[in-house]
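A short worksheet on the structure shown next.
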Amino acid sequence: MNNTKKTYQPIKVILHIIAFLGLFLMEQLPLSILALNKKQLGEKYTTYLKYAPIATILLLIVAATIIILVFQHAQNFPTQRFTRKTWIIIIIAVVLTVLINLATIPFMKETNDNVKALELIAKNNIAILIIFTIFVAPVLEEILFRGIFMNWFFVDHPLISVLASGLLFGYVHAPFSTSTDWIYALSKILLGIVLAAVYYRTKNIKADITVHFLNNFLAILSGALVSGVILL
């Protein structure tokens with residue numbers, strides 16, 4: 001992300017990989033607590049519905065604090081202020097996300113593992129899912145997959161960094177297997193690439209958070225809270 005060439009340090013790369021995986025699991029944990037069902041819990045389901053949201057919020061506060069602190073130390077260039085050019089890039093990116101969604105959604109399967117998980121979370125606590133969708137996911141996912149990943153990996157190779165960020169983003173939303181909905185996965189890869197490009201061009205994490213937020217917000221406005229449009 002900057003113009004200063006750095007000596008390759010394999011130990012540092014390995015530590016960054018381990019740390020990134022830990023941060024990713026930390027980011028995923030809060031919402032996953034709400035992904036259990038009555039069949040799994042039996043008589044404990046009612047108690048679970050009372051206390052799971054509290055546990056989710058507490059874990060979220062811890063995870064968000066750690067991820068933000070790591071990002072503040074990871075970014076290796078000064079954040080650029082918002083300008084007219086920044087807003088133009090954001091508008092172009094939002095248009096691209098809409099076009100990607102319109103082009104891919106008709107060809108997606110009716111459901112997939114990610115959508116099923118969102119449906120279950122919505123059933124258990126729709127309020128937390130909406131908060132996650134509008135506010136939490138855009139912030140934490142962009143900090144993690146753009147702000148931290150692109151400052152830790154392929155720093156001297158921006159094109160590879162952008163593509164790798166998009167590919168990883170697609171993979172975590174639709175892990176590759178024989179049952180993968182490849183159109184759904186492709187849409188997430190393309191959306192991830194757009195978001196990574198925004199971060200690279202603007203040098204401001206708030207720019208791609210804005211694009212991510214608008215993608216999810218427009219999905220809610222269109223009545224597609226639990227769908228292939230949402231980036232969670």
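Numbering starts at 1 and runs along the chain as displayed.
Placement of Cβ uses the backbone N, Cα and C atoms for every residue, glycine included.
Here is what TrEMBL records for this protein:
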type	residues	note
TRANSMEM	12-31	transmembrane segment
TRANSMEM	51-74	transmembrane segment
TRANSMEM	86-108	transmembrane segment
TRANSMEM	120-140	transmembrane segment
DOMAIN	125-218	domain 'CAAX prenyl protease 2/Lysostaphin resistance protein A-like'
TRANSMEM	152-176	transmembrane segment
TRANSMEM	182-201	transmembrane segment
TRANSMEM	213-231	transmembrane segment
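In terms of DSSP helix, strand and coil, the domain 'CAAX prenyl protease 2/Lysostaphin resistance protein A-like' (125-218) has 78 helix, 0 strand, 16 coil. For the domain 'CAAX prenyl protease 2/Lysostaphin resistance protein A-like' (125-218), the model's average pLDDT works out to 93. A contact links the transmembrane segment (152-176) to the transmembrane segment (182-201), because at least 3 Cβ pairs that are 6 or more residues apart lie under 8 A. In this chain, the transmembrane segment (182-201) lies apart from the transmembrane segment (51-74): fewer than three C-beta pairs between them fall below 8 angstroms, excluding pairs fewer than 6 positions apart. Through the fold, the transmembrane segment (120-140) approaches residues 27, 31, 34-37, 49, 52-53, 56-57, 60, 63-64, 67, 209-210, 212-213, 216-217, 219-220, 225-226, 230-232 of its own chain, all at least 6 residues removed from its boundaries and within a Cβ separation under 8 Å.
Sequence-distant contacts of the transmembrane segment (86-108) (same chain, at least 6 residues past either end, Cβ-Cβ under 8 Å): 80, 181, 183-184, 186-187, 190-191, 194-195, 197-198, 201-202, 204, 207-208, 210-211, 214-215, 218-219, 227-229.
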